[in-house]
Amino acid sequence: MSADTPFTNEAIDLEHLPKYEEILLKQPHADYWKIICINLLIFFGLLGLGLSALLLFVDEFKLNAVWIVPVYLALIIIFFFLFRLSFKKRGYAVRTHDVLYKSGIIAESTTIVPLNRIQHIELNEGIFSRMYKLGSLQLFTAGGQSGHIHISGIPIGEAKSIRDLLLKKLDLLENPITETEV
Amino acid sequence: MDNDFSKPQRESAFGIIIMGAHTLVKIVKASFFLFILAFVKMSGTSFIYLITGVLAILFISFIFAYLWYLKFTFFLDKEKQEFVVNKGIFNRDQVIIQLDKIQQVNINQNILQKIIGVYGLKIDTAGAHGEEVSIRAIDETTAYNLQAHLLNRKAIGGEQPEAVRENNLIEETPFLKISGLTLLKVGLTSNYGQSLALLAAFFYTVIYEGRQLLDAFKINRDEIQSTVTGMLTIVTVFILIACLLIVLLIINLVRTFYKYFELQIMQHKDALLLSSGLIAKKNTLISPNKVQVTKYSQNYFQKKMNMLNMSLRQAHFGQNKKGHEMQGNTLEIPGCNVTERDELLKMILSKAPLKGKTFIPDWRFLNLPIFFRLVLPVSIFLILAFNIPAVKPFIGAAFAYFITGVLMIYISYRRHRISVNQDFIIKTSGIWDISNEIIQPNKIQAITTFQYPWHKGVDVGHLSLHTAAGQIHFKYGNYTEIKQLVNYWLYQVEHDNKSWM
């Protein structure tokens with residue numbers, strides 16, 4: 001299809017290309033932090049239950065209570081701190097031609113998926129997400145596990161509109177090809 | 001001649017034999033050591049049971065093969081541009097493959113197929129689950145015809161009238177041919193790693209199964225162990241190592257010859273036809289635009305002998321089909337010389353790749369590997385050495401390790417670079433085998449950039465390009481330049497709208 005349009009080869013000024021690093025990113029919805037907290041609380045609740053059962057009923061464990069309890073508490077604090085940090089660092093943006101996602105606690109990594117490389121889109125809603133009307137969007141490319149984007153904590157209305165927008169774009173991309181073939 | 005495949009048709013009737021033998025081999029392979037055990041432990045009377053059992057297995061596998069043959073049909077749906085296969089003995093399975101999803105079509109011939117005079121045909125698709133279709137027995141003309149039909153979907157589309165093309169592949173002259181001498185050189189200089197793995201796997205099975213046999217024969221294991229350890233003196237150890245090295249070389253040679261004997265590459269319309277193999281001949285037809293990453297590598301010896309190894313990587317999705325040694329997805333072409341490489345590159349990439357602006361990593365590239373691979377282990381070793389007198393004599397070895405390590409890491413740092421121009425991205429890396437991976441910007445699926453906070457001040461960052469055939473990393477580059485490159489590639493991918501396969 002590129003053969004139809006006359007070939008032009010103008011010099012590109014690299015300085016004037018749109019810069020992905022200057023895009024204003026959207027943060028996940030504040031309610032998503034609550035979901036992370038709920039998940040963490042469930043995890044540590046179960047762990048705590050198991051530990052306390054061991055501490056109460058197994059004699060050998062009672063002696064070690066001196067360090068097991070502080071380690072448990074320290075883990076809770078560390079996890080909440082790390083997840084808070086990671087929550088703060090996440091951000092996403094949808095541009096006309098690609099989707100950006102930024103994340104990472106220590107190393108800040110930005111993944112960019114051009115829309116014309118998206119293979120399929122998934123919109124997930126968990127139990128807790130549904131309570132807060134949030135959803136998570138996954139964009140898959142042919143790049144395998146590493147080249148895919150998973151954005152959680154988007155308000156469900158916005159997630160759906162992003163999905164529809166992307167699907168529309170995908171259709172537009174595919175249509176000209178099928179037209180030339182038929 | 002029915003060569004348009006529009007009507008459902010069966011495989012060649014010889015397929016029954018092939019299929020039957022295939023099932024048989026599978027069963028025998030699975031129960032080989034069981035059989036030996038049975039033989040050893042069995043008394044004479046139950047021998048007849050065994051024979052009848054074997055005959056029953058033989059009979060059943062051929063009955064299955066016959067039913068399979070009856071139910072296995074395939075045809076080409078021209079309107080929908082689909083290849084349809086019906087199969088299944090008890091349940092009806094229908095596999096539908098869209099022609100534009102086909103990555104490559106292989107025509108193989110194993111020993112049995114060679115004896116009977118039929119070919120096997122395999123279709124690799126870019127489906128998410130990597131499902132594949134294999135037709136086990138068709139005659140040569142049909143095989144090549146079908147291959148051509150499956151890959152030239154544009155031609156089938158109706159613009160060109162169907163010309164009867166019978167074996168016109170043979171008339172074409174190959175533009176690349178690897179001679180036996182080159183293969184010898186290849187076998188001596190490359191792929192040690194794979195052969196080593198093969199050897200290790202072989203020894204593992206021998207030892208494992210041998211132990212079971214020993215148990216079966218009720219041989220005293222300690223006795224053997226003591227004789228073996230008695231034989232181990234320094235001289236014998238050296239001889240043993242030398243023998244192992246020679247065996248390794250021989251295995252390497254045999255493997256190379258088995259796989260790449262009479263390797264030829266021909267251009268066939270807009271596809272490339274690769275054929276190779278000593279006993280089992282393998283023909284592969286791929287279209288160049290399905291190749292995602294083109295790579296060539298060369299080590300010091302190979303450079304002196306003016307040859308390189310090339311590999312063409314195609315898209316692979318999810319798990320590779322049952323660990324089939326990545327057969328379908330990477331095509332190796334060992335032992336081509338520089339002019340042949342350039343010709344091949346031109347064919348695949350449609351023009352010879354030129355190195356453009358080259359980007360080199362920052363010296364901080366050296367920090368992590370030197371710390372984790374050298375400083376940390378060596379200091380642990382030294383602490384041990386000063387506390388345990390038995391280890392003390394080996395301190396010299398630690399220093400030798402440290403110095404060679406520094407040298408190797410430095411070489412890898414010097415080699416690690418990426419060069420970019422309008423049409424190509426070339427990543428160079430390696431210590432001993434220096435490899436060049438070439439991709440075109442339109443093969444990029446996604447881009448990731450990342451940076452550690454302590455590198456923010458010095459403007460150093462990392463880049464990964466995700467393609468359908470793996471990632472390409474460039475580490476410790478100038479982050480401003482990387483960001484500029486990313487913007488440029490995004491522009492190329494999003495602006496041109498070229499398809500990636």
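The backbone N, Cα and C atoms fix where each Cβ goes, glycine too.
Where the annotation comes from TrEMBL, it is an automatic prediction and has not been curated.
Per TrEMBL, these features apply:
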- B:12-40: transmembrane segment (TRANSMEM)
- B:46-70: transmembrane segment (TRANSMEM)
- B:79-150: domain 'YdbS-like PH' (DOMAIN)
- B:186-208: transmembrane segment (TRANSMEM)
- B:228-254: transmembrane segment (TRANSMEM)
- B:365-388: transmembrane segment (TRANSMEM)
- B:394-413: transmembrane segment (TRANSMEM)
- B:413-478: domain 'YdbS-like PH' (DOMAIN)
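Within its own chain, the transmembrane segment (B:12-40) is flanked in space by residues 50, 57-58, 61-62, 64-66, 68-69, 72, 112-113, 116-118, 120, 136-139, 142, 209, 212-213, 216-217, which lie at least six positions past its ends and keep a Cβ under 8 Å from the stretch. Within the same chain, residues 10-11, 13, 15-20, 22-24, 27, 38-39, 87, 89 sit at least 6 positions outside the transmembrane segment (B:46-70) and bring their C-beta atoms closer than 8 Å to a C-beta of that stretch. Counting same-chain residues at least six beyond the ends of the transmembrane segment (B:228-254), those with a Cβ under 8 angstroms from any Cβ of the stretch are 184, 187-188, 191-192, 195-196, 198-199. Mapped onto DSSP helix, strand and coil, the domain 'YdbS-like PH' (B:413-478) counts 9 helix, 40 strand, 17 coil. Per-residue confidence over the domain 'YdbS-like PH' (B:79-150) averages out at a pLDDT of 78.
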